[in-house]
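Asker: This structure is in structure tokens; I'll ask about it shortly.
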Amino acid sequence: MFWLCLVCLSVSHKMIGLCYLLVAILSGFVGYVYSLFIRLELSLIGCGILFGDYQFYNVLITSHGLIMVFAFIMPVMMGGLVNYFIPVMAGFPDMVFPRLNNMSFWMYLAGFGCVVNGFLTEEGMGVGWTLYPTLICIDFHSSLACDFVMFAVHLLGISSILNSINLLGTLFCCRRKFFSFLSWSLFIWAALITAILLIITLPVLAGGVTLILCDRNFNTSFYDVVGGGDLILFQHIFWFFGHPEVYIILLPVFGLISTIVEVIGFRCVFSTVAMIYSMILIAILGMFVWAHHMFVVGMDVDSRAYFGGVSILIGLPTCVKLFNWIYSFLYTDMIITFEVYFVIMFIFMFLIGAVTGLFLSNVGIDIMLHDTYFVVGHFHYVLSLGAVVGFFTGFIHFLAKWLPIELYLFWMFYFISTLFIGSNMLFFPMHSLGMYAFPRRISDYPVSFLFWSSFMLYGMLLLASLILFLCALFCVFLFWDYCLFFVSLFVFSLYCFFYFSTWLPCVMVLYLLLVDFAHIVLDYLFLILCFCFVFFIFFWQSLFLFFYI
């Protein structure tokens, strides 16, 4: 208990970064479980595993989106890796406001708890992660779950703002005089630009959510048409934050990938200044294209042309980054490690998401594909595969700085292959389904879409087996650590017996051996049961398809 209090109340940037990482990975696992239930429901026609409870299906979608965006991807990059490594890379002993750093972590933890509490309160919150009125108004969702979730958005937003203020104060107030801005690494530049974006956009979202709370609890009519309000106002407010949120998530990943390319290539990324300017241009343009999410609300032609054109224009600085990474790979004598495979997979996945985004920037195509699974496949390739694969890349790259273990190239290649195959099995068919107008946010569909929905479930279960493989991999590491520990204790006990004529160390070794061996056996039994569960799901689904079709 003392150790737990010492860790949680620490003001060290490294300890706070590790706490962010642990809680964010836990929240990501919770969000993944929600998505697994969504895919299991969509693998059947009609009454699936949720027994026709469409409200609970919408609650799962809402919780999955909010947790993955606000409680996993944002904190794991800005709170975890940025908190841990930015002071080290910039040569600072700590963040400029250590207690503010600790306060932001606790607010993040409270916000995550409020999101989970909103999932468990009454009938839940089934309004979608975009929180659109009028569905979120008191007439349609009267439970306290909506208030819990909007309070969670406030807490998570304040946590991110405090973290960003702390980062900006650290970079500008603690900078040494002989350090120029161009001497910073690309990861520091990416964190700086992301912090500025957060400070600009998050207060706008907080204001919009506060107006919803006023409509629900204080009888105002900011979004109520009957009282003179405007429904489209909240869409403008939300997407003014929502689209820069994509770059808030991706820019730290861009900086992380650039830093890893520099490390494995033993030289700077090609055209470092162009990489910095491209990130700045992406951030600036990203704040002026929010309405390309709203082409179907009845805009005039000029507004559609402007937002569509600027959306295409964002592809130019993005292409600069992609081509610079590829050029750095081709013209650098780098050693082939598992990090190289991860970076290549990130570039490939992000390229698919960027190309499908160019399709959606066209106004006519976007109107046809709006609210279909094409959009779901696009933003999952950008966020779920681009950002998460980038996080995996940075996490494994920096793992040697946290744990004294060595990862084998063969096992990492298996890990990358499984992740690549499972992710593409899950998300790539969504584009084809979207072309055939497969609707999102609806748990039932015609029988003609059954094959591809079940095929995507196999990709989801392959990712589940990947998580179990990671658990088994760490159990293998622990097993070898146990073996080395027991061998050393056994040698020490023999030394004590021959020189001091006592069997006490041998009894201690035997006791530790039995206790830890029991723990190892229980761990592996649990893993075997999990693998059997995954196999049972595969067998049950295949049997159902065989008799149904």
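Cβ atoms are placed via backbone N, Cα and C, with glycine included.
According to Swiss-Prot, the protein carries these features:
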- Glu41, Gly46: Ca(2+) binding site (BINDING)
- His64, His380: Fe(II)-heme a binding site (BINDING)
- His243, His292, His293: Cu cation binding site (BINDING)
- Tyr247: O2 binding site (BINDING)
- His370, Asp371: Mg(2+) binding site (BINDING)
- His378: heme a3 binding site (BINDING)
- 18-38: transmembrane segment (TRANSMEM)
- 42-62: transmembrane segment (TRANSMEM)
- 66-86: transmembrane segment (TRANSMEM)
- 148-168: transmembrane segment (TRANSMEM)
- 186-206: transmembrane segment (TRANSMEM)
- 246-266: transmembrane segment (TRANSMEM)
- 306-326: transmembrane segment (TRANSMEM)
- 340-360: transmembrane segment (TRANSMEM)
- 379-399: transmembrane segment (TRANSMEM)
- 460-480: transmembrane segment (TRANSMEM)
- 484-504: transmembrane segment (TRANSMEM)
- 520-540: transmembrane segment (TRANSMEM)
Asker: Hey, which of 18-38, 42-62, 66-86, 148-168, 306-326 has the most Cβ-Cβ pairs under 8 Å against the transmembrane segment (186-206)?
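Answerer: The listed stretch sharing the most Cβ pairs with the transmembrane segment (186-206) is 148-168.
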Asker: Roughly how many Å separate the Cα of His380 (Fe(II)-heme a binding site) from that of the residue listed as 'O2 binding site', to the nearest whole number?
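Answerer: That comes out at 14 Å between the alpha carbons.
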Asker: Given a Cβ distance threshold of under 8 angstroms, which distant residues of the chain, six or more beyond its ends, lie next to the transmembrane segment (18-38)?
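Answerer: Hits for the transmembrane segment (18-38): 7-8, 10, 49-50, 57, 60-61, 63-64, 67-68, 71-73, 75-76, 79-81, 83-84, 105, 108-109, 112, 116, 402, 460, 463-464, 467.
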Asker: Far apart in sequence but close in space: which same-chain residues, 6 or more away, have a Cβ under 8 Å from His243 (Cu cation binding site)?
Answerer: Gly286, Met287, Val289, Trp290, His292, His293
Asker: Considering Cα atoms only, can you say which of Tyr247, His370, His378 is the nearest neighbour of His64 (Fe(II)-heme a binding site) among these binding-site residues?
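Answerer: Its closest listed neighbour, by Cα, is His378.
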Asker: So how many other Cβ atoms are close to His378 (heme a3 binding site), meaning within 10 Å of its Cβ?
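Answerer: I count 24 other Cβ atoms within 10 Å of it.
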Asker: Give the three-state DSSP assignment (helix, strand or coil) for Gly46 (Ca(2+) binding site).
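Answerer: The residue in question, Gly46 (Ca(2+) binding site), is coil (DSSP, three-state).
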Asker: What does the structure give for the C-alpha distance between Gly46 (Ca(2+) binding site) and Asp371 (Mg(2+) binding site)? Integer Å is fine.
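Answerer: Spelling it out, the Cα of Gly46 (Ca(2+) binding site) and the Cα of Asp371 (Mg(2+) binding site) are 21 Å apart.
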